[in-house]
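Notes follow once the structure below has been shown.
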Amino acid sequence: MAQSQVKIVEDPAVQEGEAIITCTNVNKWFGDMHVLKDVNLNITKGEVLVILGPSGSGKSTFIRTINGLEEIQKGDIEIDGVTLSHDIKAVEAIRKDTGMVFQQFNLFPHMTILKNIMLAPIWVRKKPKKEAEKLAMELLERVGIPEQADKYPGQLSGGQQQRVAIARALAMQPEIMLFDEPTSALDPEMIKEVLDVMKELARSGITMIVVTHEMGFAREVADRIVLFDNGEIIEMGTPVELFDNPQHDRTKLFLSQIL
Amino acid sequence: MSENLKLVEYTKPIAPPVNSIGALEWLKKNLFNNWFNSVLTIVSAIVLYLVVTNALYWVFIEAQWAVISNNYKLFMVGQYPVSELWRVWVALLFASLLFGMSSGVWKGTMIRIASILTLIYLLHIIVPFTATESKVWLSAQIGVLIFGYFLGSFLPKAKWITLIGWFFVIPVSILLLRGFGIGAFPLVRTNLWNGLLLTILISIVAIVLSMPIGVLLALGRTSKLPAIKYFCISYIELIRGIPLITILFMAQIIVPLFLPPGMAIDNVVRVMIGATLFTSAYMAENVRGGLQSIPKGQYEAAKTIGLNPVQTTTFIILPQALRAIIPTIVGQSISMFKDTTLVAIVGLVDLLGIAQSVKSNPDFLGRHMEVYIFIAFVYWVIAYTMSYSSRRLEKSLGVGER
Ligand SMILES: Nc1ncnc2c1ncn2[C@@H]1O[C@H](COP(=O)(O)OP(=O)(O)O)[C@@H](O)[C@H]1O
Ligand SMILES: [Mg+2]
């Protein structure tokens with residue numbers, strides 16, 4: 001088992017290009033429950049990585065460790081040369097370079113859409129208000145809803161809210177975007193509008209890690225797919241490799257259930 | 001062709017059916033729909049008739065309201081010297097100006113509050129027993145209030161000026177009422193501050209100061225530093241376990257212990273401190289409830305966009321938490337306002353205290369009913385205005401909707 005993981009790390013596809021995220025033997029427990037078991041993964045700059053796996057397999061926990069929302073108990077995560085540690089300053093520095101989009105949007109309901117997006121540029125990046133507003137409007141154009149700027153999150157549809165959440169994350173001009181099941185809380189007719197925004201982002205060359213159950217998206221956009229089960233990476237490869245020629249029995253089982 | 005015409009007719013908007021029923025039908029449906037309800041309706045009508053007619057008879061025929069009109073100044077400001085009354089009027093002018101400006105800035109609920117205030121001023125101008133000088137001052141209040149409205153509507157940065165004004169109105173008023181012992185401002189000792197003036201001052205100080213203290217205590221309670229956390233918990237639990245009266249008594253004895261020897265603190269200030277410390281503990285618990293109502297996702301979203309803990313609390317968590325507990329904050333304020341009646345026990349003469357002394361005045365023997373009904377009415381008007389404004393505010397802020 002440990003052997004096969006070492007092999008994965010040495011996969012030539014991973015070695016080419018410059019690694020922006022390096023996870024080495026990452027372990028995480030909730031109480032006695034071992035939810036991440038020796039996870040090894042390198043992510044290259046500009047790569048789009050899709051994480052698949054059954055519910056409860058540790059996907060959310062894993063991507064939350066990358067921006068320090070969950071602490072790990074063993075192993076190392078290095079982002080852009082900085083090691084994530086207990087040092088709150090290091091964690092805060094890394095958070096400024098990573099944006100995250102949640103399943104439940106988590107917009108700030110007491111602020112207008114524009115204020116939601118302007119908050120971080122003003123208070124974290126210390127941009128002047130005018131500049132922050134201009135940036136926020138550009139981002140709203142980019143996700144296709146500039147006309148909603150002065151509304152409150154509660155007045156928008158789920159799909160629109162999620163696009164605002166993406167714009168809010170982008171406002172920090174991050175190098176890495178993390179998505180945790182961004183379309184799972186959406187009505188079917190709104191999934192496409194969010195996926196379209198994500199596809200555009202992927203083309204723009206930003207590094208993305210996406211936890212999703214949207215197989216079409218994974219096949220079309222992912223550079224690489226990893227499959228999580230029971231806290232471990234059990235298989236990794238390009239979409240073609242993984243979908244058309246899965247090696248591991250559990251991968252086959254998972255794909256047969258979901259496709 | 002004719003089919004097309006039909007289609008146009010069908011797509012014409014149709015008004016919803018009007019749900020109109022006649023008065024008789026309404027009575028039948030709501031009050032006399034079976035024999036039991038009919039009996040209930042008739043009995044209630046008889047009781048209501050007796051209560052209302054007797055009450056009206058008492059208010060307009062039997063009661064002798066001279067006890068109120070002759071002692072009106074006492075009820076309002078107690079023994080505050082007549083020669084210095086202009087200071088109370090000026091302090092009130094400041095407040096009226098701010099109410100006016102606020103209604104200009106925020107409109108909506110503030111306009112209603114300002115209107116209620118104007119109505120109260122007008123009533124006092126109309127009633128015959130008000131002294132001419134007071135009528136002039138009252139008219140000035142209305143004038144300033146209206147002037148404030150236009151200032152608030154048209155002045156640039158009116159919002160900030162108004163907020164700063166509210167911040168200073170209480171300390172400035174208290175200083176003005178107290179005086180500096182020089183020239184036109186001779187010292188007016190606080191034992192002469194009585195009646196409604198005292199009631200309002202103690203309530204406002206306790207309510208306004210308890211909010212920031214309550215927020216700090218509630219945040220302290222969630223602190224990771226054990227010293228702060230347990231200090232806050234002990235404070236809150238200790239105070240909530242003690243009746244306000246006991247705290248007021250203790251404030252008389254304990255507060256002087258913390259002062260350097262030789263420095264005396266005024267009785268009124270001690271009561272204000274006691275009432276503030278008391279209300280703060282309850283405010284803290286209210287705020288804690290508000291903090292707990294904020295979903296974990298809000299903290300996480302704030303973290304991931306890079307906000308630090310202080311920014312997260314100030315911009316994301318507190319605004320939502322406080323908004324969610326407006327009804328409880330106002331409820332707390334109303335009970336504080338009514339609880340000020342307890343200060344009589346430690347020797348202060350608030351509105352209730354004045355009522356006690358007026359009713360024992362031999363000139364007005366046996367007029368206690370009028371006195372108590374009058375002060376009950378005053379308490380009610382103020383408390384109801386507060387709860388009414390809070391309901392309006394909740395609506396306009398959309399509390400309860402996410
Ligand atoms: N905060 C937590 N405390 C305790 N257990 C947790 C917590 N978060 C997740 N878990 C558990 O960890 C496991 C992995 O969860 P998660 O990462 O959310 O899986 P996935 O996102 O793949 O569905 C699950 O068994 C879940 O119950
Ligand atoms: Mg998950």
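Just so it is clear, glycine is given a Cβ too, placed from its N, Cα and C backbone atoms.
Here's what TrEMBL has on this protein:
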- B:196-390: domain 'ABC transmembrane type-1' (DOMAIN)
- B:35-60: transmembrane segment (TRANSMEM)
- B:86-106: transmembrane segment (TRANSMEM)
- B:113-131: transmembrane segment (TRANSMEM)
- B:137-156: transmembrane segment (TRANSMEM)
- B:163-185: transmembrane segment (TRANSMEM)
- B:197-219: transmembrane segment (TRANSMEM)
- B:231-255: transmembrane segment (TRANSMEM)
- B:267-284: transmembrane segment (TRANSMEM)
- B:341-359: transmembrane segment (TRANSMEM)
- B:371-388: transmembrane segment (TRANSMEM)
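If one looks beyond the transmembrane segment (B:113-131) by at least 6 residues along the same chain, the residues whose Cβ comes under 8 Å of a Cβ in the stretch are 69-70, 72, 96, 99-100, 102-103, 138-139, 141-142, 145, 149, 381, 385, 389. At the 8 Å Cβ cutoff, the transmembrane segment (B:163-185) and the transmembrane segment (B:86-106) share at least 3 close pairs (sequence separation 6 or more) and count as touching. Residues of the same chain lying 6 or more positions beyond the ends of the transmembrane segment (B:137-156) and with a Cβ under 8 Å from any Cβ of it are 86, 89, 92-93, 96-105, 114, 117-118, 121-122, 124-125, 130, 162.
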